[in-house]
Amino acid sequence: MAFFTHQITRTLCSSAVRNAAIKHVTVIGGGLMGSGIAQVAAVTGHSVVLVDTSEDILKNSAKNIQGSLKRVVKKKFADKPEAGEEFVQKVMNNISTSTDAASVVQKTDLVVEAIVENLKVKQALFSTLDKVAPAHTIFVSNTSSLPIADIASSTARLDRFGGLHFFNPVPMMKLVEVSIAAGTSQQTFDALLDFTKALGKHPVSCKVSHGSKEDIDVAMKLGAGYPMGPFELLDYVGLDTSKFIIDGWYEKEPENPLFAPSPLLNKLVAEGKLGKKTGEGFYKYK
Ligand SMILES: CCCCCCC[C@H](O)CC(=O)SCCNC(=O)CCNC(=O)[C@H](O)C(C)(C)COP(=O)([O-])OP(=O)([O-])OC[C@H]1O[C@@H](n2cnc3c(N)ncnc32)[C@H](O)[C@@H]1OP(=O)([O-])[O-]
Ligand SMILES: NC(=O)c1ccc[n+]([C@@H]2O[C@H](COP(=O)([O-])OP(=O)(O)OC[C@H]3O[C@@H](n4cnc5c(N)ncnc54)[C@H](O)[C@@H]3O)[C@@H](O)[C@H]2O)c1
């Protein structure tokens, strides 16, 4: 337990955060996702301002954060309740609230938007904030479905705009998809990866590029709760067996694009790379 308490203390004032590009975070939207994001950022020593449209909503957000933190400490500080209370208080001290986004973003390194899933509403928010936020401030959206480029187009900071897709419930889910648009700079992407890691989360890159099998496997495990990612599973089953299955389905339903032959799978099978049983498939096992 002493070790854990030490860890927590380190987390709350970690030098990683002191030296990081992102120390001050504004989270807009204090609902399900925004509250969770504010919580994990505060737990890891960031100073957080949580913004919503009314004081009542923000009171409720603070109550929810406190409730979630109590669930965390109930387990982690089971035999040290005072240390648990102190931890909750320290985290809550890292969070302030506001109903005026334009005034608080003036001191922020990162704006995380978690408001209603509506393109026009998100664009209106970012367009306003773009005019008042400092030049260095990075904007991200937690959108589930909207293209980051479409949201970013409401601003003049395309190089400092990206997506951080957290998963619900944020305090429990390790996965964060870090996505960027065509104009996002490498510096912004790196800062977002570092921030995600500083939160204790596992980032997967969602650049518009050929997918990496590792990212896809991690995303399916941490985001969708699969015990193995699809590539790990194919290797486990055997790529020759998988090819027989897919070819059989394709023969029956040649019009179904899901069963179309996979050039990569066919190549690996032709090379004798049949998965775990031969020591190599999508991954190497030797
Ligand atoms: C139509 C299109 C729709 C598209 C939707 C897209 C959505 C979006 O973009 C993507 C997503 O997020 S997709 C969604 C992705 N999300 C998923 O797939 C989620 C799937 N669900 C899960 O993985 C599990 O149910 C959980 C891990 C959430 C909970 O674990 P469980 O085993 O079911 O058990 P439990 O009994 O509940 O809790 C056990 C203990 O865990 C702890 N704890 C739990 N919650 C906590 C919190 N909020 N705070 C703090 N602590 C929390 C606590 O210690 C608790 O003990 P307590 O004594 O009760 O305090
Ligand atoms: N719910 C999920 O499982 C989930 C998971 C990942 C991503 N997301 C995405 O996160 C975003 C938020 O989802 P949620 O589930 O937290 O929604 P929610 O309805 O719980 O919360 C949204 C909050 O935003 C506030 N809000 C709306 N407009 C605002 C504005 N202009 N300024 C400040 N606050 C404003 C609302 O008052 C509300 O408190 C959406 O884009 C959603 O797609 C949701």
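Each residue, glycine too, has its Cβ placed from N, Cα and C.
Automatic prediction, not curation, is the source of TrEMBL annotations.
Listed in TrEMBL for this protein:
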- 24-207: domain '3-hydroxyacyl-CoA dehydrogenase NAD binding' (DOMAIN)
- Gly29, Gly30, Gly31, Leu32, Met33, Gly34, Asp52, Glu117, Lys122, Ser144, Asn168, Lys277: NAD(+) binding site (BINDING)
- Ser68, Lys75, Ser144: CoA binding site (BINDING)
- His165: site 'Important for catalytic activity' (SITE)
- 212-285: domain '3-hydroxyacyl-CoA dehydrogenase C-terminal' (DOMAIN)
Could you measure between Lys75 (CoA binding site) and Asp52 (NAD(+) binding site) for me? Cα positions, answer in whole angstrom.
30
Can you tell me the CA-to-CA distance separating Lys122 (NAD(+) binding site) and Ser68 (CoA binding site), as a whole number of Å?
27
Same-chain residues at least 6 apart in sequence with Cβ under 8 Å of the Cβ of Gly31 (NAD(+) binding site), in sequence order, are Asp52, Ile57, Ser61, Ala114, Ile115
Close-lying binding-site residues around ligand 2 among Ser68, Lys75, Lys122, where CB distance stays under 6 Å
none
I'd like to verify something. Among the binding-site residues Met33, Asp52, Ser68, Lys75, Ser144, Asn168, which ones have a C-beta closer than 6 angstroms to some atom of ligand 1?
Ser68, Lys75, Ser144, Asn168
Non-local Cβ contacts of Gly29 (NAD(+) binding site) (under 8 Å, 6 or more apart, same chain)?
Val51, Asp52, Glu113, Ala114, Ile115, Val116, Asn142
Reduced to three DSSP states, the domain '3-hydroxyacyl-CoA dehydrogenase C-terminal' (212-285) has 48 helix, 3 strand, 23 coil
